């Protein structure tokens with residue numbers, strides 16, 4: 001085989017081998033040898049202009065001393081003499097001689113350059129100049145002198161901080177530390193911009209330690225750099241930023257083993273803000289939902305585009321078997337909001353104390369912090385409540401095997417299983433949200449760092465004499481405040497509307513307040529969310545009241561034996577015996593003696609109070625429904641007009657052109673008439689619904705009942721004629737949800753249906 005052809009095959013094979021070695025951990029000597037081979041390959045086959053990221057210019061005379069670049073090649077011997085004996089698969093033959101031989105091509109190449117000079121220390125006047133990179137080519141990869149470098153560090157360029165162990169050379173006229181044998185090959189560079197040198201002189205340099213360096217932090221990473229991260233109050237701090245395994249990790253120092261911030265990129269939104277007169281830096285802003293969780297500053301637009309490219313590759317969805325895009329990590333959502341917004345790695349605030357006490361000190365300012373809590377990772381989302389329940393059981397088993405638990409601990413665990421008076425809440429601490437396990441006990445709210453550590457609590461609030469007020473701005477619709485003497489004691493946030501309603505009901509009972517969840521004023525929530533909060537709050541409020549009345553066990557429905565119902569007036573007793581199915585909305589009752597005669601009145605029942613909040617809620621709902629129906633009505637009217645116009649044109653065509661096509665035109669006219677009739681029926685149904693909604697809207701705006709609690713004059717007269725003596729028995733009957741629903745008046749739609757249909761039919765008769 002021809003030697004030139006062998007060289008042509010050898011160069012790509014060596015290039016592939018070097019690319020594979022870039023991903024391996026190499027020692028110092030092996031790394032230097034690899035870089036020497038890479039330099040030889042570059043001299044044989046130069047890289048394209050776009051991939052050349054550095055250039056060294058040696059200004060020293062050849063006779064004044066050896067160049068460090070030249071001295072690196074002296075130890076490298078390329079065995080090219082035995083290339084003829086190489087087999088086709090690239091393995092050397094057994095008879096190959098281990099002695100290196102010089103090829104004629106190498107001899108001719110060696111004759112063009114001066115012979116190598118002996119290794120001597122460089123003269124004092126020797127220096128090398130490095131041409132700086134182009135604009136935007138900022139260093140991004142960091143390597144230590146122990147030889148562990150991240151992937152593709154040769155192409156992208158990185159820098160190393162020198163230490164005192166290297167010999168000194170004169171760089172640009174000043175004594176500086178050199179890199180000895182790795183200076184020329186490490187694609188490092190020196191910046192000669194005066195402003196950058198002054199800025200570097202003011203700021204401490206980040207340097208990897210020699211042996212104990214955490215180089216595993218940047219191993220197998222997609223991209224990493226020391227970037228400026230925006231802190232809470234606008235300051236900037238330089239931190240090591242790494243993208244690894246679909247996550248963005250921030251380390252305060254290169255010596256840290258654990259990241260200061262961990263951010264899942266597949267659930268984040270990234271916005272690039274270029275540098276301009278308003279923004280002094282190129283910024284990447286990471287947000288989760290409506291919360292901005294991280295801001296990074298980059299040195300150039302090219303660097304920002306490179307980071308954005310890596311982020312897009314990381315967060316790109318996976319294509320499933322059926323061609324559908326599947327997200328890389330599951331994000332579990334409930335109907336209205338997220339089921340639980342837990343976070344395992346959150347941004348630590350400056351202080352771990354809650355900053356509140358019984359004297360009424362405030363827990364934090366009203367302004368929401370800029371960095372919200374991060375979302376929990378995919379593993380915790382998949383576990384959910386089942387893993388928490390399993391963890392609780394395992395904790396109980398382990399604690400029981402180690403030592404016998406106290407009666408108080410057993411009572412605590414049993415109360416967690418039976419009574420829903422505990423759960424996770426976000427607490428505002430020093431303008432930062434922290435997640436705490438909150439527990440209600442003996443009119444006191446306890447805060448724990450975790451649900452497994454119930455022996456100690458971070459802080460507690462005595463709830464007697466306090467008030468609760470929902471709302472903490474539009475960004476936190478599920479937040480509520482605990483007030484004492486009109487001063488904020490704590491600001492808490494629930495995970496969803498049901499959880500917020502449950503806590504409001506429990507807190508109102510523990511505070512001893514007579515205010516119900518329906519009477520509270522809710523802001524920053526829509527009608528559906530408000531209904532969910534009020535419903536959950538009412539249920540938990542009545543549930544907590546029944547538990548406070550010494551019920552042996554909580555029940556939603558309980559059966560009571562037949563009991564005689566007595567009226568307040570002893571002269572008119574009733575002998576009716578009723579089997580009562582009391583719901584959680586009924587009055588409080590004691591179960592000490594189940595055969596006791598209970599006195600129940602319909603007037604004393606806990607009927608639904610149609611208050612101001614409920615009226616406003618119904619008014620908003622009916623207003624939205626009215627607008628929707630009017631839009632549908634206009635749409636149907638437009639379609640009817642178009643159909644009638646088309647039918648009119650077809651009839652004119654039939655009159656003008658009687659002939660063979662008239663039959664087809666008549667069939668088209670019949671089809672259009674059928675469509676017109678169907679649209680007309682839809683319009684009549686919409687008219688019926690619209691009239692009913694308008695009447696309900698008027699009643700809700702006037703503050704009247706919209707749920708049938710009071711009837712019209714016509715219905716009242718009918719009820720009085722049918723039941724002339726219904727006053728006395730109704731006052732003595734017990735409350736039953738089914739009977740109350742049956743006694744309600746018929747809906748407004750049925751009372752107005754005949755009249756509207758009659759008018760619609762009259763209108764149709766007039767049209768025809």
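Even glycines carry a Cβ here, placed using N, Cα and C.
The range from 518-563, 564-609, 610-655 that Swiss-Prot describes as region 'Disordered' is residues 564-609.
Region 'Disordered' is the annotation Swiss-Prot gives to one range among 39-81, 254-296, 297-339, 340-382, and that range is 340-382.
Record note: of 19, 153, 385, Swiss-Prot gives the feature phosphoserine to 153, with no matching annotation on the rest. What Swiss-Prot records as phosphoserine, among 178, 182, 747, 751, is residue 747. Range with Swiss-Prot annotation region 'Disordered', chosen from 165-211, 400-446, is 165-211.
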